[in-house]
Amino acid sequence: MTFTRFSAPRLTRAAISRLGLLLVMFSGAAHAHVDTDSVGGFAAGFLHPLTGLDHFTAMVAVGLWGVILGRPATWLLPVVFPMIMALGSVVGIVGLALPGIEIGIALSALVLGAFIVWRVALPLWLACLVVSVFAICHGYAHGAELPLASDPFAFAMGFILATGSLHAAGIGVGVVAERFHQGVLLRVLGAVTALLGVYFLMEALA
């Protein structure tokens, strides 16, 4: 595990404006999840990660952290996460009880956000293990709603595709942010992610 010293440069007005735009993009997802009484097919599955701020935040964070890790992690983590998430959804479908799922989802945002802030570079196998643990939690939450879907397969394909799209968005934003003010903008996004994780954790423990 390696860390780099954090020295934040002074942000200009233009930098603050760009940061505000990015934060608006991140906060655009609503906090509420899809209403389980109206779960449908592909569209409902696709919207599930997009309308749950905890899912949205963590999945974008996977892409952001991948930028810090560099290749091959940049493209491997967005492949590992949806695959393991699909397995987690199966666990949720069969009804196997897993304690602390909401806590795990909250920790995914908190931990990944902290990794981004401190530029933590884990070995590839350990990075994959970390995102796999979090993917199980997110997948379980999705899987718990699958039996209520009118078309469970389409619902599953929807949330898997949305997850991949959020990873890709995180990579895109991360690449731009990494080049801005020597990566300070990426650290700020990591800090926002971690703070949201703290909020999610407080909600889960309440």
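Note that Cβ sites are derived from N, Cα and C of the backbone, with glycine treated the same way.
Per TrEMBL, signal peptide is recorded for 1-32.
If you look up TrEMBL, you'll see 42-68 (among others) marked as transmembrane segment. Using a Cβ-Cβ cut-off under 8 Å and counting only residues 6 or more beyond its ends in the same chain, the transmembrane segment (42-68) has close neighbours at 26, 29-34, 74-78, 81, 105-106, 108-109, 112-113, 115-116, 119-121, 127, 131, 134, 138, 141-142, 145, 149, 151, 154-163, 166-175, 177-178, 186, 189-190, 193, 196-197, 200.
Under the heading transmembrane segment, TrEMBL lists 75-94 (among others).
Positions annotated as transmembrane segment by TrEMBL: 100-117 (among others).
Residues or ranges marked as transmembrane segment in TrEMBL: 124-141 (among others).
For 153-177 (among others), the entry in TrEMBL reads transmembrane segment.
Feature annotation from TrEMBL assigns transmembrane segment to 184-202 (among others).
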Cβ pairs under 8 Å between the transmembrane segment (100-117) and the transmembrane segment (124-141), at least three: yes
Same-chain residues near the transmembrane segment (75-94), Cβ under 8 Å, at least 6 residues beyond its ends: 59, 62-63, 65-66, 69, 124, 127-128, 131-132, 134-144, 146-147, 152, 156, 159-160, 163-164, 167-168, 171
